[in-house]
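This report concerns only the one structure given below.
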Amino acid sequence: MSKVTVVGAGNVGATCANVLAFNEVADEVVMLDVKEGVSEGKALDMLQTAALLGFDSKIVGCTNDYAQTANSDVVVITSGIPRKPGMTREELIGVNAGIVKSVAGNILKYSPNAIIVVVSNPMDTMTYLAFKSLGLPKNKVIGMGGTLDSSRFKCYLSKALNANPTEVEGLVIGGHGDTTMIPLTRFASYKGRPVADILDAETLAKVVADTMVGGATLTGLLGTSAWYAPGAAAAYLVESIIHDQKKVIPCCVYLEGEYGQKDICIGVPVLIGKNGVEEIVDYKLNAEEKALFEKSAAAVRATNDVLKEINVL
Ligand SMILES: NC(=O)c1ccc[n+]([C@@H]2O[C@H](COP(=O)([O-])OP(=O)(O)OC[C@H]3O[C@@H](n4cnc5c(N)ncnc54)[C@H](O)[C@@H]3O)[C@@H](O)[C@H]2O)c1
Ligand SMILES: O=C(O)C[C@H](O)C(=O)O
């Protein structure tokens, strides 16, 4: 029996739960929210698609009742406020740090063995907060950002190539911020060919720029941040854990010297299986990529420092 809890049944959390149930990733999916009745209502609505879509995962909704989340294998934390147009993710720290810290503590009481996937923004700092405050081993706390950013990178690459996104490879490392993301164009390929051999430099630079502000672009269009791709990206990560798929996925994890960084959670390629982080994969970065990674880490560290200023760490 596999069980996944999603905390926060808002746009991202509910989408994630829906994808998990539809793809039968787990036998049981629990949604928990503080808003009375919302999780219960969304769970019932999703269950009423089962006969139409043909899945048999159990879906449970609850209002702040952590007992219902007991013995989850994986818990996805999406609780917290999203940004509005014109805001950065970092501006959410004041509200979201308190929410993430208290939710993570409650989760641990009922699911001491769970792997925690952090989605709430600013995600790199929220992952660091969860890791530091829970005291779990580093393989068990994973931030979801690079999974989504890489999917957006593949989307923009596929548009530029006039190709199917599933035939494009590409990964984004670094922080999950408008200026901290690093789409690795040198490793991106289409049907095995480096994209730099197919696209001109100007087109490739635009793909990179569009990827980096992918979340901000959608926030401008929607009035709140995106949810379909974020929810699907979180579910993709959960699936690699629950089904021990050992996919290499860019994820935000605690580093102890890997990629030249220590005491930070930031996006790097990670082999994800039933133990969560099973290996940090060492892509050999060139000097330019290393410099970008250092700059990205410095920016993430500056946001982490705010946790102490606001007394949550
Ligand atoms: N890491 C990523 O790639 C990524 C992608 C998209 C969104 N996000 C972030 O995810 C978060 C959620 O975004 P959203 O669009 O779903 O927002 P939303 O407002 O639609 O949903 C958030 C939900 O969290 C709930 N919530 C608040 N406090 C809670 C608590 N203490 N316990 C349980 N539930 C609580 C709210 O009631 C709400 O239903 C935001 O911080 C957003 O920035 C991250
Ligand atoms: O852009 C946001 O604020 C939400 C999320 O981090 C995203 O990239 O969609």
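Note: Cβ is positioned from N, Cα and C throughout, glycine not excepted.
Of the residues N71, N96, N106, N139, TrEMBL places N96 in the same NAD(+) site as G8, A9, G10, N11, V12, G13, D33, V119, S120, N121. Residues R83, N121, R152 are recorded by TrEMBL as substrate binders, and the candidate that the same record lists for that site, out of R89, R186, is R89. Following the DSSP three-state reduction, the secondary structure of D33 (NAD(+) binding site) is strand.
In terms of DSSP helix, strand and coil, the domain 'Lactate/malate dehydrogenase N-terminal' (3-143) has 67 helix, 28 strand, 46 coil. For ligand 1, the neighbouring binding-site residues among G8, G10, N121, R152 are G8, G10, N121, by Cβ distance under 6 Å.
Taking G8, V12, D33, R83 as the candidate binding-site residues, the subset whose CB lies under 6 angstroms from any atom of ligand 2 consists of R83.
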